[in-house]
Amino acid sequence: MQKVNLSTVSEFVFVGLSDAPEICLLLFVLFLLIYLATVAGNILLLIAISTDSHLHSPMYFFLGNLSLLDLLCPTITIPKMLGALLLEHKEISFSGCLFQHFSLIAVVGTEIYLLTVMAYDRYVAVCHPLRYPSIMSTKLCAQLALGTWATGLLNSLLHTSLVFTLSFCGPNKIQQYYCDIPPMLALSCSSTHSRELVILVVAGVMGSSACVVTVVSYIYIFLEILARNSPGIWHKAFSTCGSHLTVVCLFYGTTICTYVRPSFTYSPRWGRVVSMLYGMLTPLLNPIIYSLRNKGVKRALKRVISQV
């Protein structure tokens with residue numbers, strides 16, 4: 001008989017973080033405050049970068065893109081989770097789940113390559129400071145930014161098509177607070193081995209290539225610092241690259257733990273914890289990390305806040 005992938009599940013149900021009403025209310029307040037702080041921090045950073053002429057450089061152009069991604073990432077998942085906590089409305093339609101999955105994977109993939117581009121930008125700034133304006137031209141920056149967004153969208157299109165063309169004909173409870181790859185694969189009633197392999201290979205190639213470029217960039221930066229051996233060079237280099245390196249370690253660590261592993265190793269509880277780290281904590285911390293380490297950003301943010 002010819003196999004036809006037909007989904008008989010019209011909606012999915014998210015498994016709540018807690019069933020106790022008092023815990024749900026506490027979690028609602030906590031996550032609402034985190035979400036509002038994330039939105040406020042990234043919007044302020046975007047306004048500061050766009051309105052301060054001193055911040056119109058390649059580094060801050062990419063930082064503005066990062067802030068936009070950090071706005072989108074929690075906005076895709078947290079409002080639905082807040083509704084489930086407060087109103088107990090835990091259902092999501094099949095098409096809604098597909099759209100949420102596509103949007104989130106696109107944002108995550110774009111951020112991985114954007115952080116890689118930012119590592120290359122720091123390499124040029126440290127190793128070729130005199131040629132930096134000519135190398136990191138406006139045209140190249142626009143092409144790099146457009147390339148990261150296009151790559152993220154194409155990667156998400158591939159993953160979403162692999163997951164949502166499976167058959168879903170049995171349980172519809174998602175062991176997560178949003179539609180993610182591992183819990184969706186666990187719900188499918190058709191064989192997922194070949195698709196898991198493709199997802200692992202694509203995620204592995206994508207993640208490893210981004211990691212290689214980032215690591216090589218920082219190796220050259222480190223060698224350049226050793227070669228110069230001038231007073232204050234370590235402090236200057238750390239102020240230039242420290243924020244980005246911190247964000248890279250936090251984001252890469254959590255996303256690799258989530259996606260680059262077989263589905264049989266997936267633990268719902270551990271998956272929720274890790275996803276909260278890159279889905280909530282990282283977008284909240286990124287504006288803080290870059291603001292604390294950068295005098296120009298702090299000065300621009302103070303000006304924006306005083307005007308507000």
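Yeah, the Cβs are placed from backbone N, Cα and C, and that goes for glycine too.
Fair warning: this is a prediction, and the values are worked out from it, not measured in the lab.
For reference, TrEMBL has these:
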type: TRANSMEM; residues: 20-47; note: transmembrane segment
type: DOMAIN; residues: 41-290; note: domain 'G-protein coupled receptors family 1 profile'
type: TRANSMEM; residues: 59-78; note: transmembrane segment
type: TRANSMEM; residues: 98-120; note: transmembrane segment
type: TRANSMEM; residues: 140-158; note: transmembrane segment
type: TRANSMEM; residues: 197-221; note: transmembrane segment
type: TRANSMEM; residues: 233-253; note: transmembrane segment
type: TRANSMEM; residues: 273-292; note: transmembrane segment
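Regional average pLDDT for the domain 'G-protein coupled receptors family 1 profile' (41-290) in the model is 83.
Per-stretch counts of Cβ pairs under 8 Å to the transmembrane segment (140-158) identify 98-120 as the leading one among 98-120, 197-221, 273-292.
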